[in-house]
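Participant: Got a structure here, written out as structure tokens. Questions coming.
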Amino acid sequence: MYDNKGNINNNNNNRNNHTENGSISSDRTANRTSFFFTNLLGEAECIERLNRTATNFEPGKYCPGTFDGWLCWPDTAAGSTAYERCPDFVTGFEPSRYAHKECGHDGEWFRHPLTNKTWSNYTKCVNIDDLELKHSVNLIYISGYSISLVAILLSLAILGYFKSLRCARITLHMNLFISFAANNSLWLLWYLVVMPDAALLHDNPPSCRALHIVLHYFLLTNYSWMLCEGFYLHTVLVAAFISEKKLVKWLIAFGWGAPAIVILVYALARGLAGTINDTMHCWMNPANFDNILVVPVCIFMFLNLIFLCNIVRVVLLKLNAPVSLQGSCGPSRTVLQAFRATLLLVPLLGLQYILIPFRPHPGHSWEHTYEVISAFVASFQGLCVATFFCFFNSEVIAQVKRKWRTMCFSNRPRANSYTATQVSLL
């Protein structure tokens, strides 16, 4: 797409062997593939525009209007330059800037010396500083999701290996880990495969739109399972008698089912009622339909905040119980563990997003800082979840130590064991 100087070769951007002819015949008809973009004339619309704005230049005194696959260039006098606003669908391009196309004195569009093909200059469209900042933010996302995915998969392997750890709480943890593993994997696929491929974004195939839907489904499941974790801990602390087995079944149905309903409504609404801008470029453009996803996330986070406050209240009440009641309702080991789990639950519930409620306007001095913080918070959340609920879990640590001791003793030679037995008998 870019050459060594950041220039754009239009021929390489053509996915269907479409090349710029350099001119359009008088009837402006051509049998070529059309591309349609937001605020951008497609080839058919370009032909219509050129027909409406036909000029009376003498033959050889102008470059005939043409469509280069991205922009529509009008008839241009020989020896002059045509200017058009930059397309808005290319990462790093600023639509407020202008691309240009030079018409030679011979009435021919400028040809690139390396390809000998007519060439439009889009180099001025690129804000190099902004592009580098966006690349650095994307690198944070890729690194964070990769590290988090490794940590989550390792946690799943540990919890799945030790059967003695199986309980209602660990079952919820494993479902949460699966949700994060799927979400992180899909985000990596998005950043490594979809985002760098401008042709894929322009073609907007059904598979790409399906990836967008599935990705946001698992993003919603992250928050729904965060809510399940908070509700479970709240219920265990507050309710005196409850069937954990039934509770877990209901939570599993909610954790995976509620996001499915939300994403189905979102997909149908955007797919059927969305504008061209809403349904192009693999649905990556911001749209009003995003509120269908944002509202449930805010509700999940608000409920978790309520659960967290009430959990702290209940724990403090039990910790401050009179000495005479310590035997019946004092701070038991379970309560203390629940209190520590509450403190660890804070990053799990996604409350950190409340600290960044507003995004700075484009060009604001804090915009890059916001982007970097958001990238760290979003991509490394899986690592925090795995660390707090697996790597720092006392039960998991005890099981790993026990397994380590067993392996060490089982690898000792039998002769040593026999000698030790003989000595002890004496």
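Placement of Cβ uses the backbone N, Cα and C atoms for every residue, glycine included.
According to TrEMBL, the protein carries these features:
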type	residues	note
COMPBIAS	1-21	compositional bias 'Low complexity'
DOMAIN	45-129	domain 'G-protein coupled receptors family 2 profile 1'
DOMAIN	137-393	domain 'G-protein coupled receptors family 2 profile 2'
REGION	1-27	region 'Disordered'
TRANSMEM	139-162	transmembrane segment
TRANSMEM	174-193	transmembrane segment
TRANSMEM	223-243	transmembrane segment
TRANSMEM	250-273	transmembrane segment
TRANSMEM	293-317	transmembrane segment
TRANSMEM	338-356	transmembrane segment
TRANSMEM	376-397	transmembrane segment
Participant: Hey, would you say the transmembrane segment (139-162) packs against the transmembrane segment (376-397), going by three or more CB pairs under 8 A that are 6+ residues apart?
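Facilitator: They do touch: at least three Cβ pairs between the two stretches lie under 8 Å.
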Participant: Of the residues in the domain 'G-protein coupled receptors family 2 profile 1' (45-129), how many are helix, strand and coil by DSSP?
Facilitator: 13 helix, 25 strand, 47 coil
Participant: Against the transmembrane segment (174-193), which of these stretches has the most C-beta pairs under 8 Å: 223-243, 250-273, 293-317, 376-397?
Facilitator: 376-397
Participant: Could you tell me whether the transmembrane segment (376-397) and the transmembrane segment (293-317) have 3+ CB pairs under 8 A, leaving out pairs under 6 positions apart?
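Facilitator: Touching, no - the transmembrane segment (293-317) and the transmembrane segment (376-397) miss the threshold of 3 or more Cβ pairs under 8 Å.
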Participant: Any idea what the model's mean pLDDT is for the domain 'G-protein coupled receptors family 2 profile 2' (137-393)?
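Facilitator: A mean pLDDT of 82 is what the model gives the domain 'G-protein coupled receptors family 2 profile 2' (137-393).
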